[in-house]
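Participant: What TrEMBL shows for this protein is this:
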type	residues	note
TRANSMEM	20-43	transmembrane segment
DOMAIN	35-287	domain 'G-protein coupled receptors family 1 profile'
TRANSMEM	55-78	transmembrane segment
TRANSMEM	103-124	transmembrane segment
TRANSMEM	136-157	transmembrane segment
TRANSMEM	190-211	transmembrane segment
TRANSMEM	232-254	transmembrane segment
TRANSMEM	266-289	transmembrane segment
Amino acid sequence: MSDISQTNISVGLHDLERGLLSSLTTLPCCVFVCINVIMLFTLRSKSVFREPCRYILLYNLVLADTLQMAVSQILYMMSICRITLPYPVCGILVMFANLTNEISPLTLVLMSLERYVAVCYPLRHATIITIRNTEVAIITIWIFCSLNILIRVLLLLEFPFEELQSLQLKRYVCNTFLLFLTPVSHEYDKAYTCFLFVSAFVGVTCSYVGVMLAARSASTDKASARKARNTLLLHLVQLGFSLSSTVNNALLLLTSKTVSNRVSVLIQNALYVLLFILPRCLSALIYGLRDQTIRPILVYNLCCQLKLLAVTAEAKIYP
């Protein structure tokens, strides 16, 4: 799967440069995490958001993205601060980050199928897409992804850890590469990643084609079909962003061989923000601003938080 902490901090960078880079990366991450947390609060603040299945799926998507951002930022800050971790601790953090990373594309498939049923089978939508069925589908996704993590752990057990002099990492960076201790682990990771995203792409694309065909039918609500089509296009874009993170490792390897160490670090930081942090906030921004029901409440909650921060800052300046 994707490389979680993407920044191999060079010892050639001065402390000031490393501090500046970490600030430029940490600030947007904190902002995006706050937006996602407010979005999660919004989706649980009103009963109108707790019952429709599409909001339940959206909550699961934003929750997975928020956890992914938080864990990635923890690993990033450990790399910045040059903290070395034991293999077991690094493994747990990376496995959890991989788990949340896999939840997002599968949740997008469920959201696409929900829109497909809403347009193509409007009379049966209420009986097919129920709260119980949605919760079962979400639990199934988490169990499926957890089984993948279990398989990765079992593959790691084949490595002779007893031959190591120490379980402490020799590098400051804790990432997925460190878990590819055997060729089988690496091959399994590539096969599973390919299966996951191909399946997700096929699911979202088939839903989009189904909605497009239904839109040509005279009995279909044209406005509803057009809105569902636009939503599915956004799902494809989100899936593309998730897929782009999987090519990050190849880009890191390429830059490390073609440019200087300092330039490579700058590129790695930029890729970390563009491929890992920014896409994790798109769900909250896209649905929060597009949905007419969510938008006013989300904007209200965001404004309240900004006012609270301003009042707190003013109180510290003028006690």
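Yeah, the Cβs are placed from backbone N, Cα and C, and that goes for glycine too.
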Participant: Contact between the transmembrane segment (190-211) and the transmembrane segment (20-43) is defined here as three or more C-beta pairs under 8 Å separated by at least 6 residues; is that satisfied?
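Facilitator: Contact between the transmembrane segment (20-43) and the transmembrane segment (190-211): absent.
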Participant: When each of 55-78, 103-124, 136-157 is checked against the transmembrane segment (190-211) for Cβ pairs under 8 Å, which one has the most?
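Facilitator: The stretch with the most contacts is 103-124.
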